[in-house]
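Participant: First, the structure itself, so that you have it in front of you.
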Amino acid sequence: MSYGGGGYGGRNGGGYGGGRDGGYSNGHGSHGGGYGGGGGGGYGGGGGGYGGGGGGGFGGGGDRMSNLGAGLQKQDWDINALPKFEKHFYKEHPDVTNRSQAEVDKFRREHSMAVQGSDVPKPVETFDEAGFPRYVMDEVKAQGFPAPTAIQSQGWPMALSGRDVVGIAETGSGKTLTYCLPAIVHINAQPLLAPGDGPIVLILAPTRELAVQIQAEISKFGKSSRIRNTCVYGGVPKGPQIRDLSRGVEVCIATPGRLIDMLESGKTNLRRVTYLVLDEADRMLDMGFEPQIRKIIGQIRPDRQTLMWSATWPKEVRNMAADFLQDFIQVNIGSLDLSANHRITQIVEVVSESEKRDRMIRHMEKVMDGKDSKNKILIFVGTKRVADEITRFLRQDGWPALSIHGDKQQNERDWVLDQFKTGKSPIMVATDVASRGIDVRNITHVLNYDYPNNSEDYIHRIGRTGRAGAKGTAITFFTTENSKQARDLLGVLQEAKQEIDPRLAEMARYGGGGGGGRYGGYRGRGGRHHGGGGRGANDLPMGGNRRW
């Protein structure tokens, strides 16, 4: 969706689409309306949905094909022959200049901030100190933010200085604005796009959900500058994305596979890219995108400015930074060791597989106490089938639950996310694919129905709550089949000074047993109540005994 014209669903009007009475109906259900149903250009209907795009699963199932990019020509860059571009915009505010090194060190300590590299600029403590032009500041102040977050305080001066930057910070730390606002300044300093030009700013993201959220921020803050953008990702038709690219966009937010598809078919080029962002770099590598990322970066001039953002700093991410960034400066917020957000209360219960559903209902009754409850709970399960089974079970028991996973169509996923965000359906069941990149405010509880494959995924899952300074609660069911993960989990809990279930400590001490398997040994049995799974769990009418 390029900025300009039309309702929320694209250039061609259409707005939000569909009636609001029924559940998701995909345009053919019996609930009257549905979400974007009828094809008249609703949220995802018609051409020009929320960002368009086709092929690939949840974040690009098709994005993982290693032969993607085989048709791209290797570029032989002559730096001296390339047009010059401007990337140095930072002018230190007098208040920042006058701050002593001792004051700077104190500020960094208070915000758990560490920096590395040569000539790292001092952090800013207010929006005005960042020195953004008025057209940017007006948009920021209109949002009512009290002060920059820690990553913004240090990241803005770094990005505006034109340097290559690495930022390591937990999800929900405000990193999107850390690179989006300098991107807007960067664009406005470059020559206007000519016909046939590709984007000036390229942002690579691992999943379509994260890409759409980044697009929303760029649209919001780039509005006054009339900056055009598009989202390029798999799972939806290519037509709207191709139209946006052919009309010209200053910003392209993309998942790697679909972007390579567009490059190979000549629908865009990266010759004008001078500001490159790799968001959630660790997640992109986890998902196997490194070959595609390397092919894409090979199409971009080497004197570009590159910013890499990651929640963790493993060897693979360090290697990528060394390969693609030059003389970079780095900011870390919090510990580089694997650790959970300390604002999250972590409750781990050692249970048998057959106990899970009853335990879940018990927690739901506490969390969702009364219709006036403002709580939102995100439930993680190990497989798509179990996601549907649990959703059916909850709906039949009177709970307003919806599920999201890779087999859902894009417009259904958008609808589910909207219902969850607005609180109309405050319970969402998700597979791991939703654990990163979905930015839903005010999730108060995360419930790990199935324990994930490793402690990194555990930390990313529970990081959906306790964001932006809020507190949260994470409830986790842990079985003997997960015992190989017990020692790592115990370390995470101890680091965050959480209460330890004695049975978990015993498992960690003796280790062994069970385990293996993609999801810590979980076999997808779904406990003793088999809800039948299958398609259409989100369509199922809620049981007569409404629990919320």
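Cβ atoms are placed via backbone N, Cα and C, with glycine included.
I grabbed these lines from Swiss-Prot:
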type	residues	note
BINDING	Ala169, Glu170, Thr171, Gly172, Ser173, Gly174, Lys175, Thr176	ATP binding site
COMPBIAS	515-524	compositional bias 'Gly residues'
DOMAIN	156-331	domain 'Helicase ATP-binding'
DOMAIN	343-508	domain 'Helicase C-terminal'
REGION	515-548	region 'Disordered'
MOTIF	125-153	motif 'Q motif'
MOTIF	279-282	motif 'DEAD box'
Participant: Given a 10 Å Cβ-Cβ cut-off, pick out the one of the binding-site residues Gly172, Gly174 that has the most other Cβ atoms nearby.
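Facilitator: The largest 10 Å Cβ neighbour count belongs to Gly172.
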Participant: Inside 8 A of the center formed by the CB atoms of Ala169, Glu170, Thr171, Gly172, Ser173, Gly174, Lys175, Thr176, which other residues of the chain have their CB, for the recorded ATP site?
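Facilitator: The answer, listed by sequence position, is Thr149, Ile151, Ala311, Ile333.
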Participant: Which secondary structure state does DSSP assign to Thr176 (ATP binding site), in the simple three-class scheme?
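Facilitator: Note: Thr176 (ATP binding site) is helical by DSSP.
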Participant: Would you mind checking how many other C-beta atoms are within 10 angstroms of the C-beta on Thr171 (ATP binding site)?
Facilitator: 20
Participant: Can you name the residues of this chain that are 6 or more positions from Ser173 (ATP binding site) yet have a C-beta less than 8 Å from its C-beta?
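Facilitator: Counting only residues 6 or more apart in sequence, the Cβ neighbours of Ser173 (ATP binding site) under 8 Å are Thr149, Ala150, Ile151, Ile333.
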Participant: Tell me the Cβ contacts of Ala169 (ATP binding site) under 8 Å, same chain only and six or more apart in sequence, or just say none.
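Facilitator: Looking at Cβ-Cβ distances below 8 Å from Ala169 (ATP binding site), excluding near sequence neighbours, one finds Ala150, Ile151, Lys175, Trp309, Ala311, Val331, Asn332, Ile333, Gly334.
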Participant: So, in DSSP terms, is Glu170 (ATP binding site) helix, strand, or coil?
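Facilitator: Coil, per DSSP.
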Participant: Let me know the most crowded of the binding-site residues, choosing from Glu170, Lys175 and counting other Cβ atoms within 10 Å.
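Facilitator: Its Cβ has the most other Cβ atoms within 10 Å: Lys175.
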Participant: Could you please provide the mean pLDDT value for the motif 'DEAD box' (279-282)?
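Facilitator: Result for the motif 'DEAD box' (279-282): average pLDDT 93.
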